[in-house]
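Per TrEMBL, the features are as follows:
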TRANSMEM  20-43  transmembrane segment
TRANSMEM  55-72  transmembrane segment
TRANSMEM  92-117  transmembrane segment
TRANSMEM  129-155  transmembrane segment
TRANSMEM  175-196  transmembrane segment
TRANSMEM  217-238  transmembrane segment
TRANSMEM  253-278  transmembrane segment
Amino acid sequence: MPNDTVAGLQEAFQLLSITSAVYASLNALCGVYLVLFVFTIWSTYRQAERAYSKLRVITILLFVVIVIHYTMRSVDFSERRLNPNGIALDPWTTPVYFIANTTTTLAGLISDGLLAWRFYVVFDRARWALYGPSFAILVNAMLGFAGDALGFSVYHNAELYTRRYEKLQYTISAAWGWTMFVTNTVLTTAIIWRIITQSRPTREQKRLGLRGAPYAVVVEAIVESALVTWVGLLLYGISTVAPAGHITTDLDVGFVMSCILPIFFAISQCLITTRLGLANESARTRSAASATAASASTSRGTHARGDSLAAREIEVQMHTIVEVDSARSRALGDDKVLDICDDPKVPADARV
């Protein structure tokens, strides 16, 4: 068998192996995301507030983006499996790659937007906490869409694209990933720090023996800070600087990560939304239980005499104060952590 034929078969096998790894990873992550998506929709439908309707719309929008991305990657895998040689610059690849890359950028924009909003809410709705992250996310999105648009130069001149624009496109894509990684690192670290510091018990709570649930605080910090997205961006950044050579080139490994990166964005968004829904449900349950206990204690106290009645009333009042402080020590409070609705007409106890 001629050497050229052997080299061509080896290259085709490597390309097919890469694409198979992409498709297998994509299917596994999409399976996890689908389960989380169903659970997220269920958790938001249990809430009647308008804020949860907005979160549900965002969740469904991101789901549509992920479905389109998955479809484009499936088409790419199918074509590469049928014809593994000489399809990199075929006309059909341009719209497929453009849609796949654009959905990646759009999914990152949606995920970062939600993370920036959580950052804004956690830091007491300070203006700097809104404008700073929003500007960084907007610049990053423009960088990503610019890199995606360069792929259309293949239609004009495929040789010119290969010689000049292909490397530029991958460089812009790498810069987009690193910029998003830096932005997410800053926001993630700040949110984790804020949640942990605000969850520390005060001196009075320590004296009363109220220390909260440390594991719940850790889980809350991980979910609220979108740590899943940060891990995906870290892997993507590492793949863009991988050593050159055969299947481990930055192009090949970066291609794998760019295909599965949107799923990290979607999983993180589902975790944040689900946490908000369950936390609000838990807060309502605690509030109802506290009101029931207070009502029952007061009712029993009406049948007692002077000093005994006063003692029971004080006991109920202390129990209510302790319970509220304990709930606030475990999180930033319903007004800070759960409040995602910016409508001043919505009462504080009805905000998410």
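Including glycine, each Cβ sits where the backbone N, Cα and C put it.
Whatever TrEMBL says is automated annotation, not expert-curated.
As a quick check, the transmembrane segment (253-278) and the transmembrane segment (20-43) clear the bar of 3 or more Cβ pairs under 8 A, pairs 6 or more apart, so the two touch. When Cβ-Cβ distances under 8 Å to the transmembrane segment (55-72) are tallied for each of 20-43, 92-117, 129-155, 175-196, the top count falls to 92-117.
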